[in-house]
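Listed in Swiss-Prot:
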DOMAIN    4-75  domain 'KRAB'
ZN_FING   173-195  zinc finger
ZN_FING   201-223  zinc finger
ZN_FING   229-251  zinc finger
ZN_FING   257-279  zinc finger
ZN_FING   285-307  zinc finger
ZN_FING   313-335  zinc finger
ZN_FING   341-363  zinc finger
ZN_FING   369-391  zinc finger
ZN_FING   397-419  zinc finger
ZN_FING   425-447  zinc finger
ZN_FING   453-475  zinc finger
Amino acid sequence: MELLTFRDVTIEFSLEEWEFLNPAQQSLYRKVMLENYRNLVSLGLTVSKPELISRLEQRQEPWNVKRHETIAKPPAMSSHYTEDLLPEQCMQDSFQKVILRRYGSCGLEDLHLRKDGENVGECKDQKEIYNGLNQCLSTLPSKIFPYNKCVKVFSKSSNLNRENIRHTTEKLFKCMQCGKVFKSHSGLSYHKIIHTEEKLCICEECGKTFKWFSYLTKHKRIHTGEKPYKCEECGKAFNWCSSLTKHKRIHTGEKPYKCEECGKAFHWCSPFVRHKKIHTGEKPYTCEDCGRAFNRHSHLTKHKTIHTGKKPYKCKECGKAFNHCSLLTIHERTHTGEKPYKCEECGKAFNSSSILTEHKVIHSGEKPYKCEKCDKVFKRFSYLTKHKRIHTGEKPYKCEECGKAFNWSSILTEHKRIHTGEKPYNCEECGKAFNRCSHLTRHKKIHTAVKRYKCEECGKAFKRCSHLNEHKRVQRGEKSCKYKKCGEAFNHCSNLTT
C-alpha cells in the first residue's frame with residue numbers, strides 16, 4: 001500500500017457544501033485541515049504544499065480549488081437535522097465520505113475497524129484499509145473523531161446515514177435558543193416546546209393546556225381526586241411525589257432552607273423566598289385598583305377581593321362564604337374542632353399557623369412589626385396593617401347600603417347593624433340590647449354606679465368620659481355646640497334640642 005498523502009486526510013467541499021456550513025463550522029474546518037497538514041509534514045509524509053493549504057493560510061475560500069474528481073453531494077438530510085448538528089459531527093460525516101471515496105471499490109459493507117486490529121478480515125483490501133486508517137487516525141486531532149473506539153467504513157450512503165443515527169451516545173443535537181445538547185432529534189424537538197408558546201396537551205375536563213403530557217397527567221388528579229402518594233407516618237395522601245417529600249420534613253424536622261440574615265430556617269423553599277423579602281423590603285406585587293404593594297402574590301390575591309367583594313369559597317356546614325380558600329379551611333376547623341398547631345411553650349393549640357405565630361409573641365414579649373411613619377411597634381402584623389391606615393387614610397371596607405367607608409372590617413360589621421336593626425349585645429341586668437359591645441359596656445356602669453372619670457379641678461366624678469369632657473368645657477366657659485340657623489352657642493349639645 002502506498003504512503004498516506006494529504007489527499008487521504010483532506011475533506012473537500014463543493015460551493016454548495018461550503019455555503020451550507022455556518023461560520024463556526026468553516027473555522028473548525030480551516031483549523032483541522034491546517035493541523036492535518038502540519039502533522040503530515042512532521043511525519044515526513046508530504047513534500048509540496050497543496051493548493052488548498054495555501055488558500056487556507058491566506059484565509060481564502062477553499063471551495064474553488066481545482067480537484068481531480070467531482071465530489072458527490074452529501075446524502076439528503078432534512079433541514080432540522082443539518083441546522084442542529086454540531087460542527088464536529090459534520091466534519092466526521094465528511095471525513096467518512098473521503099475514506100469511502102478512496103476505498104469504496106472494495107465492495108465491503110459495514111467493515112468494523114478497531115485500533116487493536118480485531119475483526120479485520122483476511123482480505124488484502126481490508127488490511128490495507130485498516131493500516132491506512134490506523135495511520136491516518138494517529139495524525140488526526142481527537143476533535144474529528146470524538147468517539148474512536150469504533151470507526152466504520154461504508155460502501156453505501158444509506159448505511160452511513162443509519163450509523164450516524166446509531167451514534168447517539170454522543171450528544172449531537174443542539175438547541176439554538178439555549179445551547180442545550182441532546183442525544184436524539186426527537187429529544188431536541190420535545191425540548192423546543194419550552195421556547196415556544198405551543199401547548200399540545202389539553203385537559204378534557206377544564207380545557208387547560210400543558211406543554212408536557214406528564215404535566216397533564218398530574219393535573220388530571222385534581223379532577224379525579226387521585227392521591228397516590230401516602231405518608232407512612234400520618235397516612236396523609238398527596239397528588240404529587242414532590243408534595244409528599246416536602247410534607248415528610250414536618251415529621252423529620254428537616255429545615256434545609258436557612259436565612260443568612262436572621263438564621264431562621266424553613267422546611268420549604270417557597271416560604272424561605274417569601275421570608276427574604278422581609279429583609280429586602282421588596283414588594284413586587286402591586287394592586288392595579290389602589291396601588292398597594294405586597295411581598296406575596298397570595299396577599300395580593302386576598303386583597304383584590306376587597307375591591308370585587310367576591311367570596312367564592314362557601315362552608316358546607318353553615319353557609320358562610322370566604323374570599324380565600326385558606327380562610328375557608330381555617331373556618332372549617334371550628335366545626336371539626338381540629339387544632340393542628342400547638343404551642344411548645346404552654347401546650348395551647350390553634351386552628352391556624354398564623355394565630356400560633358401571633359400567640360408565641362406572648363411568651364417572647366417581642367413586638368417585631370414597626371410602623372415606618374411613627375415608629376409604633378406591634379405584636380401582630382395584622383395590627384400594624386390596620387394601624388397604617390391611620391397614616392394613609394385608606395378605607396377599604398365600604399357599606400353597600402349607604403356607601404360609607406371604614407378603616408377596619410369590624411367597624412363596618414358594627415355599622416351594618418344600623419341598617420339591619422340587629423342588636424346582639426344584651427344587658428343581663430335589665431335586658432336592654434345594643435348594636436355595639438362598647439355601648440353595652442357603657443350601659444353596665446349605670447347598674448354598677450361606678451364613676452371612674454373624676455374632674456381634677458373640682459373632684460366631681462362621672463360614669464362616662466364624654467360626660468367628664470362636657471363638664472370641663474363648662475368650667476372653661478367653652479360653648480362648642482352651635483345652632484346653625486341663628487348662630488347661638490351652648491355648653492351642652494343637649495340644649496340644642498330644647
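All residue numbers here begin at 1 and follow the chain in the order shown.
Cβ from N, Cα, C; glycine included.
For the zinc finger (313-335), DSSP puts the residue distribution at 11 helix, 4 strand, 8 coil. Two recorded stretches are said to be in contact when at least 3 C-beta pairs lie under 8 angstroms, sequence spacing 6 or more; the zinc finger (229-251) and the zinc finger (201-223) meet this definition. Below 8 angstroms of C-beta separation, residues 274, 277-278, 323-324, 326, 394, 396-397 of the same chain, each at least six residues beyond the ends of the zinc finger (285-307), sit close to that stretch.
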